[in-house]
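Listed in TrEMBL:
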- 1-204: domain 'Cation efflux protein transmembrane' (DOMAIN)
- 1-18: signal peptide (SIGNAL)
- 61-85: transmembrane segment (TRANSMEM)
- 97-118: transmembrane segment (TRANSMEM)
- 152-172: transmembrane segment (TRANSMEM)
- 178-197: transmembrane segment (TRANSMEM)
Amino acid sequence: NGLNFFFKLLAWVYTGSASMFSEAIHSLADTCNQALLALGISQSARTPDPSHPYGFTNMRYIASLISGVGIFMMGAGLSWYHGIIGLLHPHPIESLLWAYCILAGSLVSEGATLLVAINEIRRSARAKGLSFYQYVVQSRDPSTNVVLLEDAAAVLSVAIAATCMGLTSLTGNPYYDSVGSLGVGTLLGTVSAFLIYTNTEALLGRSIQPEQLQRLTELLESDPVVRAIHDVKATDMGMSKVRFKAEVDFDGRVVTRSYLEKQDIEQLLQEIQQVKTLEELEAFMLKHGENIIDTLGAEVDRLEKDLKQRNPDVRHVDLEIL
């Protein structure tokens with residue numbers, strides 16, 4: 001992207017083409033965005049700390065969101081501005097031969113990167129059981145999505161710029177070249193709007209797939225110790241990390257039976273028979289009541305462990321006792 005920007009900038013200075021200016025700005029925006037995404041990826045890999053107990057995975061979405069805003073401001077804004085100036089104040093354009101050569105080289109490099117991004121998303125979508133379209137729209141991997149959309153826009157913008165510059169060469173009318181700049185700007189504006197929307201949705205706390213949520217719910221409901229569950233919520237934290245929360249109504253009889261199975265019933269009977277006063281009864285109740293509560297806590301831990309083991313994406317589980 002850096003090399004593309006350099007050569008496109010030289011071509012614009014030499015030819016004065018508005019379309020080539022838009023292409024140069026596009027490559028500059030791509031270069032800045034790649035650096036921003038690299039920063040977001042490195043920050044998202046940081047380990048959780050007391051101030052950020054759930055980690056930094058959202059940094060990928062934040063970096064992609066800023067990237068979308070940057071594409072709009074730097075790419076679309078400047079392209080529209082230069083295209084409008086070209087329409088209002090047209091000027092003759094020099095030979096476009098070098099510009100065509102640079103566009104051809106850019107098409108090859110951007111096209112190769114686009115194929116890599118497409119193959120990576122197909123592989124990831126297949127692993128998640130999603131279609132290519134679902135994976136992109138749901139912004140499952142924001143960094144890869146930005147690369148995909150940037151390269152797709154780059155390939156299309158090269159086609160737009162080459163077409164409009166070709167019309168200018170054939171007709172001698174510089175208006176076509178300015179229209180090409182407006183077309184590239186519109187394309188970049190569309191890409192930036194999509195990136196802003198999808199990453200904003202992800203940062204707001206998007207729910208996981210209904211099928212995955214149903215599997216988690218059924219796993220809890222099928223356990224004998226669970227009487228009912230309420231207020232189930234599961235949010236996608238990004239990078240294959242899910243946070244699951246539910247209010248659980250435990251079956252007290254099952255919990256108590258689980259505790260009693262670990263006790264010597266005859267010894268319990270002897271303890272009961274030895275109770276003669278209210279103080280002794282209170283001590284007996286406090287002892288075994290505390291043990292039953294500990295058993296309930298152990299059941300909660302067991303359920304949370306089962307959810308994580310059977311669903312590797314689930315990293316954080318919050319089960320509230322009703």
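Including glycine, each Cβ sits where the backbone N, Cα and C put it.
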Best-contacting stretch, by C-beta pairs under 8 Å, relative to the transmembrane segment (61-85) and drawn from 97-118, 152-172, 178-197: 178-197
Same-chain residues near the signal peptide (1-18), Cβ under 8 Å, at least 6 residues beyond its ends: 24, 27-28, 30-31, 34, 82-83, 85-86, 91-96, 98-99, 102, 105-106, 109-110, 161, 165, 168, 174, 177-178, 180-181
